[in-house]
C-alpha cells in the first residue's frame, strides 16, 4: 500500500514510519503493565438480536467429550439450541471441539491479582465517572488477563461469524451503495448473484457516514489481520505451533481474491489508526493533570506507567498529519446534531452485536476493540469539555473509567 488516504491529508508511508519507530515499541510496553493488561468483561450476556445459532456458535456448543470444567464460560450461558443427535456427527463435532479449545479464555488469576482488583475498584468508585458501563458490576463480569488471551485464530468461522458481520454492515452501518463482501454461506448462490459483481461507490454518502463505514471496515480488517498473523499452523503431540498464514491473508486481502476490495480494507485500517491516534493526542490534557494516576496500588509501577503514557502522548502530538475531526458535523446545527446522534446510536448498536459473537476469545477482543473505538469517538466529540477540565479536581464534564482507558490503549495497540 502506498499513497494518500481518502478523506484526510495523510499518506501511508508517513504512518508506517511514525508507528514503527515512535509509537509501536512504547505501546507494546504499556500493554504489558498491570493497569492495562487486565480487562473486565461479561462474556455471558445473551445476544439481544437473534436466538443463538446451533452450529458452532460456541455458547450453545455442548459437545462431548469436552468436560464441563474446560468449556469456556460463555458456552454455558444458553441452553435453547443444543445439538440434535443427528447433527452431532464427525466433521461438525470435530469443528466445534476444536473451536471450543482454541477459543477458550484463560481466566486464571493469582490471589494477589484478585485482591488488587478489589482495591482498584474502591479507587474507581471514588472517582467521578462520566458514565456507568452497562455490565461492569454484573456478577457475570470477570477480569481477564489480556496477555494470557492473545487475539488469534480460534476456529470460529462459517454462518455464525458471517451473521455477525452481515448484521453490522447491512443493518447498522452507513454502507457505500455497493461493496463486495463474501456471500452468505447458507444462502443459494442465485439469490446473491448481483452481490458478487457489485463495484464500490460512495454516491450519496456524506463525510460523516464515510468515516463511520471506514472505521468499522478498519476494525474488521484489524481482527482478520490478527487471526492471519497468529494462526494455528500445526499441532503435534498436543503442542500447537502458531505463526503467519500467508495463504489465509491472501484469501482475505489480495485484490484478485476480493474483487479489488482487499487493499481498500487495509487502507481503512490505516484510517482507523489515524482516528484513534487523534483521540490520544486530544485526551492528553486529561491525563497530564496531577489528579489523574493509573492506580494499581503499586506506587512505583503506577508512576512509571503514567510516565510512559505521557511519553506516548508527546509523540502523538508531534505527528503533523492528524485527521481533522472539525470537518465532521460542521453543517447547520440542527442537522449536525441529528446526524451525530444517529452516528452514536449506530455505533452503540454495533457494540451490542458483539454479544452475538459465539467464540469467547473473539467476543472478548471484539468487545474490547469496539469499546476502545467508542472511547476514541467520545474523546473527539468532547474537545471543549477536555479543554476546560480543572487541574486539581475531578470533573463532571468529562471522565474516563479505567475500563475505557484500558480499552482505548489496547484497541490502539491492536
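Heads up, the Cβ atoms here are built off N, Cα and C, so glycines get one too.
Fair warning: this is a prediction, and the values are worked out from it, not measured in the lab.
Sequence annotations record features per position, and here TrEMBL assigns active site, nucleophile to 359. The active site annotation in TrEMBL covers 362. TrEMBL lists 152, 154, 165, 217, 220, 252 with the feature FAD binding site. Annotation source TrEMBL lists disulfide bond at 56-61, 359-362.
Here the features listed in TrEMBL are placed on the structure.
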residue: 152; record: FAD binding site; CB count, 10 Å: 18
residue: 154; record: FAD binding site; CB count, 10 Å: 23
residue: 165; record: FAD binding site; CB count, 10 Å: 17
residue: 217; record: FAD binding site; CB count, 10 Å: 26
residue: 220; record: FAD binding site; CB count, 10 Å: 19
residue: 252; record: FAD binding site; CB count, 10 Å: 21
residue: 359; record: active site, nucleophile; CB count, 10 Å: 30
residue: 362; record: active site; CB count, 10 Å: 26
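Taking CA atoms as the reference points, residue 154 (FAD binding site) and the residue listed as 'active site' are 8 Å apart. Note: the CA-CA distance between residue 217 (FAD binding site) and the residue listed as 'active site' rounds to 16 Å. Straight-line distance linking the Cα atoms of residue 165 (FAD binding site) and the residue listed as 'active site, nucleophile', rounded to a whole number, equals 14 Å. Our reading of the FAD binding annotation (152, 154, 165, 217, 220, 252) yields a largest Cα to Cα distance of 21 angstrom.
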